[in-house]
Amino acid sequence: MISITEWQKIGVGITGFGVFFILFGILLYFDSVLLAFGNLLFLTGLSLIIGLRRTFAFFFQRHKLKGTSFFLGGVAIVLLRWPLLGMLLEAYGFISLFKGFFPVVFGFLGSAFNIPFLSTLFQKLQGSSSSMV
């Protein structure tokens, strides 16, 4: 079993609050203050979960620089109070950065939710890779 430190537990909570504020900001017609606060909490929580060095190593890999620039550029534009454009840039950057994790997530969701229609939908979204590791 992998031991989780107290900092990682705090990071999970902060990341959860960040996602909540981002979703709540979208729900309230792209409220720029909530989106900016959610972005800052999300990035802070992510760096607490995996550490600063691994966060920088993840975001600044050579093949992920395009996604990183769109994601962090979107965060900056949201902070400058252009929420719709910033969230569009962030969404593209997020998909570009985390596209390698999507088959794993869809595979987990397909096995976690054993509902016939949803499991077949997640299996189609998962693609050819069925490995959970």
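Placement of Cβ uses the backbone N, Cα and C atoms for every residue, glycine included.
Residues 48-49 of the same chain, all 6+ positions outside the topological domain 'Cytoplasmic' (1-9), place their C-beta atoms under 8 angstroms from a C-beta of that stretch. Summarising the annotation, Swiss-Prot assigns topological domain 'Cytoplasmic' to 1-9 (among others).
Swiss-Prot lists 10-30 (among others) with the feature transmembrane segment.
Same-chain neighbours of the transmembrane segment (32-52): 7-8, 10-26, 58, 75, 78-79, 81-83, 86-87, 90, counting only residues six or more beyond its ends whose CB sits under 8 Å from a CB of the stretch. According to Swiss-Prot, the feature transmembrane segment maps to 32-52 (among others).
Residues or ranges marked as topological domain 'Cytoplasmic' in Swiss-Prot: 53-68 (among others). The average pLDDT for the topological domain 'Cytoplasmic' (53-68) in the predicted structure is 95.
Nonlocal intrachain contacts for the transmembrane segment (69-89), taken as residues 6+ away from its ends with a CB within less than 8 angstroms of a stretch CB, comprise 25-26, 30-32, 35-36, 39, 43, 59, 96-97. Positions annotated as transmembrane segment by Swiss-Prot, on the basis of sequence analysis: 69-89 (among others).
The feature transmembrane segment is assigned by Swiss-Prot to 93-113 (among others). Packing against the transmembrane segment (93-113) from elsewhere in the chain are residues 59, 64, 66-74, 119, 121-123, 125-127, 129-132: each is 6 or more residues past its ends and has a CB under 8 Å from a CB in it.
As annotated by Swiss-Prot, topological domain 'Cytoplasmic' applies to 114-133 (among others), with the evidence given as sequence analysis.
Residue counts of the topological domain 'Cytoplasmic' (1-9) by helix, strand and coil are 4 helix, 0 strand, 5 coil (DSSP-based). Within the chain, the topological domain 'Cytoplasmic' (53-68) has long-range Cβ neighbours (under 8 A, six or more residues past its boundaries) at 46-47, 92-97.
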